[in-house]
């Protein structure tokens, strides 16, 4: 008979196998659920998990969607490692885009190479400023950053609505609630002729490598892990929990802000009420699927970006509603949390005593 | 201010507070047992969509409420299996539940957008429920009375009964409760299921009582406010009632200001009010506290494993 045994140490192979098992289980469960709902479950799952990666013409789209997910998840994962639960990345993403757009609107009639870097800097600072509020409240007053960062997301989204419907509305935009289109100097350069593949993609990859070096090769990265795993030992070792909270919140806020600016100055080219698409929340799944490790997050980002691209494919091939994408993403996280039990436990086959 | 206006404002206040009170009371019980379920928003959305779908297809609002309760419990059980039986991180599992609720409700609700159902009506006969003044007391629907009764009930059970003592023991010191022989995991399952049931009803309040018309994400983050209310209440049902009505008042003000068309205040700024108020309240709670933690159950959010 089967028996669960607790492992003496968490299994490293299982740590990396469990996301793959989780993806397999999600495909299986998705097939069953959507078949039961009257859709073509087999082709729905195929469209979402296989087609985007099997057809090279989809890869550019995957890359464009993976870049913001990877950028946001990198920061979140470092925070999660330190037990800092910034779940308001969506708000920081929006505030980054707003700050960067502020620079864009101020430099509307100017030109120069410096405009885009200034926008990116404003984006980073905007995201950091928004993350600084929950950081301050947690460090000074022990207010849970989970609730405050999330509440601030709703505030940021309303602020965006206010701006695009009011002071920032395009004067030549036929009264549509949207800002001016960015000029050529305010738009991310593309790295492939005639595609949407913008400079944000290599930047995200580069930052993932830097984050990996930071976490694995520096004392700061070590401090983050110790503060998360053993707060008492960290205090003893002279690692400050307050400083770690500040550093991880500002880092994750800054990366989310940069992602927001890239999205505004890339695929969108302006701000509209449709700007917040939930990348800040999906990035949480990316971080977990990537095992909170910067290199794993690249993999996680590609998988989740694939579900967005595949979700659009499934809308046309099997008429799956757009909301199905979110359900697949949630199922993926559920399955991952479930399969993670294999990291700490193993199943053994035990013959019954005669 | 005329009496009619006052009555109308009180009616709005009660309607705005009730879903918050229901969801927060359920979460309070779960947290008293040591479980931090961040999936309140997701469970509310599951309840909202299940309640609407069943009320729409059966024509019975009462059946809708039953479905909402069951959907809330079912969603809570996903959380319980992962976080309690498999020992998954409670923060991550709760977030997953919220993402799931958003996806599931908008998938199931896609066919219902803009459709309407019979609104959940008052309990008492028209002579009382339509009285110009007394309707504040007698013109409410079943969930309003249920929410108030449950505050008293939960307060009584937690403070005065053996069951409540055991529940609190499990939340304060799971190892000791286990050593004495109480089934820690089973008790937590029950508490999480209770939380799911009330969150489901709270969600259904949006789709069946407040606006009996389906709209995507109609709970608009109220589940998160409910979580903050539990902190505000210092895990005491009486204070939770106060907090829920305080927030109901903030939302009523928002609605009144919107209806009155306060020109100098943008509607978006008004829409921020409940969320900013939540942050302000959490901050003031911490400022007002003397020492130590905020009376949170000692085992809140920590996984328990008997072996």
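The backbone N, Cα and C atoms fix where each Cβ goes, glycine too.
Database features, via TrEMBL:
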type: TRANSMEM; residues: A:20-39; note: transmembrane segment
type: TRANSMEM; residues: A:59-80; note: transmembrane segment
type: TRANSMEM; residues: A:92-108; note: transmembrane segment
type: TRANSMEM; residues: A:114-137; note: transmembrane segment
type: TRANSMEM; residues: A:149-168; note: transmembrane segment
type: TRANSMEM; residues: A:196-215; note: transmembrane segment
type: TRANSMEM; residues: A:277-303; note: transmembrane segment
type: TRANSMEM; residues: A:323-343; note: transmembrane segment
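Residues of the same chain lying 6 or more positions beyond the ends of the transmembrane segment (A:20-39) and with a Cβ under 8 Å from any Cβ of it are 45, 48-49, 289, 303, 318-320, 324, 327-328, 331-332, 335-336, 338-339, 342. In this chain, the transmembrane segment (A:114-137) touches the transmembrane segment (A:149-168); three or more CB pairs sit within less than 8 A of each other, excluding pairs fewer than 6 residues apart.
By the Cβ criterion (under 8 Å, sequence separation of 6 or more), the transmembrane segment (A:277-303) is in contact with the transmembrane segment (A:59-80), since 3+ such pairs are found.
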